[in-house]
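If you check TrEMBL, you get these features:
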- 31-70: domain 'Leucine-rich repeat-containing N-terminal plant-type' (DOMAIN)
- 101-317: domain 'Disease resistance R13L4/SHOC-2-like LRR' (DOMAIN)
- 1-19: signal peptide (SIGNAL)
């Protein structure tokens, strides 16, 4: 009797559990779940997808109800996936109606995807806050209206929220910041307004954030830089203003960043020395970044071929495209008068340099080195205000007279045309030139060093090495009191090193090696002017028959960081003068 009583009590308890959970025999769905689904079907007044026409019969879990999946204990509905086929672009395929609040009764639902139905309107029901097991909520590309419900912040298991492509209004709810498991948040293509709430900065696990194509305003918040797991950040086509926060540079996992078509004060875009590869988002760059003044794409993995039109057609002040595999003729900029700095070095340009710089009336610095430019140097026309010209390592020929003459701009401070095929001689220098760097090394320049070099009173670096220059070193070179670097090596210079060079106290490097210099090396008690003066130990007399003396003393002078060793020579068979190869 007692056993029978316990059996009845257990049976009653199991019956109660069954009624609460809606469990039914295997193969038949819960009555509560079936009612919730049919409530949604009733709220759809027109369905051209054909999905809902399969929702017939008592068993919603048997596989016959399109988009409905069941699982777990008791076979409850845990997935509802109604997604328009991605290949279907026909506007005649849609559902028209609303999201029924009855869907909030699917208490075991883990995934809800109702996307691409175009004409499902109305609000997102507050009853969705009952779906506490939900991990994915995808309601893209419908016509949903109203606010993003703050009640979604109660669904602590959510990993994905995607509500893009609707007509949602209001602000991004701060309550979403409590969803610590959230990985993806997509609210793009709506009509949301206001700032990004600070609570979003609490979503430390977030990997993807898309708020594009809304009317969000304010500044791009600095706290986005705290979302270290972000790989995808899209904020384009809003009304964000101000500057881009530096904290975004700390998002090391980021693979896509889009902030175009806003009202940002984006003056400088420096993407140099990364691993960027083709293709660039030319269309996005072309439409966005209205405030851009400076662009640097140098030294990535880009193979651009030509300068992109969104760069050529803008009013930019600084363009840096070094090492971008640009080819052919020099580019044609629509607004050359706006350019202040131009770096096109380490590319493959071949022609078009002669008149390229002439119309760049604001240009101050031009670096077009290490290309394949073949042109007569004297044909190159320079703007009056240019201060730095670097054309080294090309195939330029002709003489220096075109860029170094009585017409040379007083603004010109740096000229580097080394490692070309330039011939002729070094021209005379007029008084008043402000050159600080003159590098004409590794060419085919002959003749003498003009004594008028003394007119370059501001010169700090003078390199004429690896040419065919003859004659003596002019004593007037010693009047260049600001000279720090002097390289006269590998030429045909004769005579002695003038004592006047001892007066250049700023000199830190001087090279005279591989010439035909002779006589004593200038020296004084301090030798402050010959730091880093390198002397070879193999020297020869005029007839190349000198030999080192044995047992002779070595003179040593030390000044600052320099120890200068002079080895005495004697027993020249043809005389007492020795040729120093310094």
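Placement of Cβ uses the backbone N, Cα and C atoms for every residue, glycine included.
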Which residues, given as numbers and ranges, are at least 6 beyond the ends of the domain 'Leucine-rich repeat-containing N-terminal plant-type' (31-70) yet have a Cβ under 8 Å from it?
22, 24, 76-84, 92-108, 117, 119-120
If you average per-residue pLDDT over the domain 'Disease resistance R13L4/SHOC-2-like LRR' (101-317), what number do you get?
93
Per-state residue totals over the domain 'Leucine-rich repeat-containing N-terminal plant-type' (31-70) - DSSP helix, strand, coil:
16 helix, 7 strand, 17 coil
